[in-house]
Amino acid sequence: MALASLARRKAYLLSRNLSNSPADALKYSFSLSNFSRGFASGSEENDVVVIGGGPGGYVAAIKAAQLGLKTTCIEKRGTLGGTCLNVGCIPSKALLHSSHMYHEAMHSFASHGVKLSSVEVDLPAMMAQKDKAVSNLTRGIEGLFKKNKVNYVKGYGKFISPSEVSVDTLEGGNTVVKGKNIIVATGSDVKSLPGITIDEKRIVSSTGALALSEIPKKLIVIGAGYIGLEMGSVWGRLGSEVTVVEFAPDIVPTMDAEIRKQFQRSLEKQKMKFMLKTKVVSVDTTGNGVKLTVEPAAGGDQTILEADVVLVSAGRTPFTSGLGLDKIGVETDKAGRILVNDRFATNVAGVYAIGDVIPGPMLAHKAEEDGVACVEFIAGKHGHVDYDKVPGVVYTHPEVASVGKTEEQAKALGLNYRVGKFPFLANSRAKAIDDAEGIVKILADKETDKILGVHIMAPNAGELIHEAVLAINYDAASEDIARVCHAHPTMSEALKEAAMATYDKPIHI
């Protein structure tokens, strides 16, 4: 690390009261030197054992090894990457992209002067491309384990003491892995609904929805959250008639209300149907298809919906089954989440937890940050994750991305704020590529101009949001973004113009 960078890092730590005494500074300096050595050897006991090889777990394991700690990662699936890589984020994004290409070929190519005599879906080839992406990435993580000398044990781990994990290996044997520090990173599982049995054929979770052997004529999605809308988009683009059933009055209830309304209109234009404030009463699979009996959430007349496939996407729940947490006395809350302090430590000495098994956003990138911070604390360093500054993205088309507070949250907190908005209809790059649906919305404190929240609905909103994430992390003002020169023509200019609209006036509208 360059001297200037080290100085800035120390100043940053001091500003956050993470090192405010000579003793703390000495401890920090000792940590830097102590954990920059090579790996410990000659002992069966690990410095760090990680249970779970998902985004939180494998990142924690690699970071621990990089800090010079002898590390073992235990993963029951047999492939690394967890739900995200194997049956979640990565395969879903592969199918979202493939289905978008097909949809563009069917509906947009001609207007750009590209004419095709025929277009058809080769679903097996589409699935093969998805599977190839997954397998390449899982092998890549195994390569990173070897590079960083992380020991990898394939099997189901459970506590037999706060420092010992019994592993039933996939080969059929059993081994005990010992660790001075053990991190639980077992992620989450699909939340089930009463009276509905997921068979991954006609009634599927997101896992089954990623592996359908044919395109359903009618697909019903139970739940209007991120996952349900993304998977509904995939099959809707490929030709399915998609109906989304949601108990709540709105889709994606955590989203800024103004953006949410525009987002729903966009999905409806793509022929996605919504039944909000609707309760699923029962499911009948005795025939060839599936029959759903639904009624208004407040009560009323029942309706029967028919579908070829039903996707249950009602959220996720922490996966801690069979870990033996109760045996060693680890505390959990009513939702089954493991309770930790601000250093990710449980009430049991030497046992930590990160990612979806603890409170906070159930997001892969949040779990990664948890993993790094947790290991840094174990190594005597200073970790930091601010859950108020974690971005969220819905990977439909257009995408919706956000960071910070919604307008509803700002109002509830009694904040005095300004709002700046800029539509992509006035953005030259968006108009040039004929993909101009969407908006940027910025909230900033009225007195200080400090950015409180940014919400973007646009193609590639998930990429555009990170300028806002960085700005919020550095407590930037909307004027700071407005006065940064943005390349022309780019979609990012819409963020600049929205920032100009927040503190003054935009130029191009």
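Quick reminder: no glycine exception, Cβ is built from N, Cα and C everywhere.
Annotated domain 'FAD/NAD(P)-binding' per TrEMBL: 47-371, in sequence order. The disulfide bond feature in TrEMBL is assigned to C84-C89. The FAD binding site annotation in TrEMBL covers K93, G157, T186, G187, S188, D356, M362, L363, A364, H365. Residues annotated as NAD(+) binding site in TrEMBL: G223, A224, G225, Y226, I227, G228, L229, E230, E246, G315. Annotated domain 'Pyridine nucleotide-disulphide oxidoreductase dimerisation' per TrEMBL: 390-499, in sequence order. Among the features that TrEMBL reports, active site, proton acceptor is placed at H488.
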Candidates G223, G225: member of the binding-site residues with the richest Cβ shell (10 Å): G223
From T186, G225, L229, A364, H488: recorded positions whose CA lies within 10 A of C84 (disulfide bond): A364
Which listed residue (T186, S188) has most other Cβ within 10 Å, given these are binding-site residues: T186
Among the NAD(+)-binding set G223, A224, G225, Y226, I227, G228, L229, E230, E246, G315, as the record gives it, the longest Cα-Cα distance in Å: 15
For FAD, whose listed binding residues are K93, G157, T186, G187, S188, D356, M362, L363, A364, H365, the greatest C-alpha pairwise distance in Å: 30
Site with most surrounding Cβ atoms, counting all protein chains shown within 10 Å, from the binding-site residues I227, M362: I227
C-alpha spacing of A364 (FAD binding site) relative to E246 (NAD(+) binding site), in angstrom: 24
In the chain carrying K93 (FAD binding site), residues 6 or more apart in sequence that have Cβ under 8 angstroms from it: Y395
C89 (disulfide bond) CB neighbourhood, other CB atoms within 10 A: 20
